[in-house]
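Q: Below you will find the structure I want to go over with you.
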Amino acid sequence: MAQIIDGKAISQAIKDEVKQEVESLSGQGITVTLAVIQVGDNPASTVYVNNKKKACAYTGIRSLSWHLPEDTRQEELLALIGELNGRADVNGILVQLPLPAHIDEDAVIDAISPAKDVDGFHPRSVGALCIGKPGFLPCTPAGIIELLKRSGIEIAGRECVMIGRSNIVGKPMALLLLRENGTVTVAHSRTDKLKEVAGRADILIVATGRAKMITADYVKPGASVIDVGMDRDENNKLCGDVDYESVSRIAGAITPVPGGVGPMTIAMLMKNCLQAARMQAEGGREA
Ligand code: GUN
């Protein structure tokens, strides 16, 4: 049976590290602050936003929140972001996605000051990652790197296959694995012979959005398998994109769903808030 990569325990350790550093900054008169904006009442977004606020409370980060109605005009949202960009007592700004269809998500992400972009979604942050400059890292891929490192899984020189090419997970994940000296393949819905491609991986990261799609016949025996999925199975039970039951029998290591990648995303958000506060305290330099 595979080693189970315990995202709950690892995320807890990271939150405890952040908590200590937040306390130490507090001793220097700095209150680390995150502004959280939700537009509308998407039930999943409400759960995520509440979990983010809970993690702030745990780590000692002050959270300020705005819950705007579904019919909020884009200009109003942009005006709020502009105001928060200018507030010296706000270190990080997070706009929960997805936004209602009448709002242009790219315009909203562009409006967030890169110095406060704790989600790592701003084109400036993405560009910095791409060319190896310092900047905020998107939380889910950064969390996966932490999971691998803290589980003793070597990345350098290994075959890494990322299935999925989204802006939030697949693309930045590929760049981060490359930064860690992995040999990286990005596969996606149009990839030919996906089983063969996936089967080469020492580290297989799956973000397809399709419940239990990756079965044991996609996985090389002994591979480390990271499941980014958050789906529902035929019994409406939470599951991932990986068929845990069959894959855990042959993988070397595997993340469960829930309790794998999910909790890491929020822990890394807390880390980014801390980084934002530090950078701003050091004289307004960007991350
Ligand atoms: N919606 C789903 N995941 C995320 C995330 O990491 N950040 C934000 N802002 N919205 C999301």
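Note: Cβ is positioned from N, Cα and C throughout, glycine not excepted.
Copied straight from TrEMBL:
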DOMAIN    5-119  domain 'Tetrahydrofolate dehydrogenase/cyclohydrolase catalytic'
DOMAIN    138-280  domain 'Tetrahydrofolate dehydrogenase/cyclohydrolase NAD(P)-binding'
BINDING   GLY164, ARG165, SER166  NADP(+) binding site
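Are these features on the surface or tucked inside, and what are their neighbours?
A: Confidence for the domain 'Tetrahydrofolate dehydrogenase/cyclohydrolase catalytic' (5-119), expressed as mean pLDDT, is 98.
In sequence order, GLY170, ALA187, HIS188, ILE205, VAL206, ALA207, THR208, GLY209, VAL228 make up the list of same-chain residues 6 or more apart from GLY164 (NADP(+) binding site) whose Cβ falls under 8 Å from its Cβ.
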Q: Count up the helix, strand and coil residues in the domain 'Tetrahydrofolate dehydrogenase/cyclohydrolase catalytic' (5-119) according to DSSP, in that order.
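A: In the domain 'Tetrahydrofolate dehydrogenase/cyclohydrolase catalytic' (5-119), the DSSP-based counts are 61 helix, 18 strand, 36 coil.
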